[in-house]
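Below is one structure; the comments refer to it alone.
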């Protein structure tokens, strides 16, 4: 018997690295987008944790009145936040080497820009990594498309809005109470609750939650029993089996009788497309709404639009919202200006003497 030995071609370190990065056999897929994503998100997370614990106060309004946001400077988990960059910086790119010292960089809120820019690039790379893994496995690309909705929303809030307003100091603080403060100020300045794209976003979030709960409960309630009544129904299935685990006809029949026939899907692909598309499209619209309000194309304004025959204003709910908006606008940045912009820009009424 003759044995033939073949010499294995030696592959370079770079080739082996490429094979490892793009291998779908790894426990966690890395991918070329992952090579970028991992350091970006690690940087954003590390700086966020350190800043949340120990960052010194930041001169957010650019008026030499620093605002404390970290735990070591008197905050708790609820009130703590990474304070946005100073209005004195505006939307300038402000890396560490642009400041005269680390103290100056911290005082002007350099942490915020560093975290936000690394985070946005990181989540964009995560989306690319989803597409990359789908491509390697021969799957369709819609997982990454669905993830584009939260990526668009984060980009609108953390990047487009500050650009439109002219300063990263108008971005959302990275904390619990800071998020609510951002929402209140956004309503005061842009009347977002009266913007149709925000209304679509609310419908997407609440509707998506409702549809998810309905779908999950219907599927769980219509499992095809493969076991005896003395065993768990879960024991009758194995991961990756070809046979369906639930009876869509039974689920369709139940829901059709519960509401009406045409309110229920009888096609699994149509159903799951709808479950994915509804929240994704609605969040796309919300991101688009925030991006337009960034440039002050605001929500509907029906203030004092109802008057009687004598021209006297008949107050409506819109006027009450307007008064609430003015109150919120007066309260924020209270030391940066004497009047809210809406009041300061109106001509003073003539005084009869």
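Note that the numbers count up from 1, one per residue, in the order the chain is shown.
Glycine is treated like the rest: Cβ placed from N, Cα and C.
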Students should find that the transmembrane segment stretch in Swiss-Prot, chosen from 175-196, 197-218, 219-240, 241-262, is 197-218
Pick from 94-108, 274-288, 289-303, 304-318: which stretch is listed in Swiss-Prot under transmembrane segment? 274-288
Which one of 11-28, 29-46 shows up in Swiss-Prot as transmembrane segment? 29-46
Listed range which Swiss-Prot flags as transmembrane segment, given the options 52-66, 67-81, 142-156: 142-156
According to Swiss-Prot, which stretch among 118-133, 326-341 corresponds to the feature transmembrane segment? 118-133
Near the quinone site, what residues other than 215, 264, 265 in the same chain have a C-beta no further than 8 Å from the centroid of the listed C-beta atoms? 214, 218, 251, 252, 255, 266, 271
Same-chain residues at least 6 beyond the ends of the transmembrane segment (197-218) with CB under 8 Å of its CB atoms are 251, 254-255, 271, 274-275, 278-283, 285-286, 288-289, 292, 299
Restricting to the same chain and to residues at least six past its boundaries, which positions have a Cβ under 8 Å from a Cβ of the transmembrane segment (142-156)? 119-120, 123-124, 126-128, 130-131, 134, 276, 279-281, 283-284, 286-288, 290-291, 294
Six or more residues out from either end of the transmembrane segment (29-46), which same-chain residues have a Cβ under 8 Å from its Cβ atoms? 20-23, 114-116, 118-119, 121-123, 125-126, 128-129, 131-133, 136
Give the nonlocal contacts of the transmembrane segment (274-288) in its own chain as ranges (CB under 8 Å, at least six residues past its ends). 142, 145-146, 148-150, 152-153, 155-156, 197-198, 200-201, 203-205, 207-208, 211-212, 215, 265
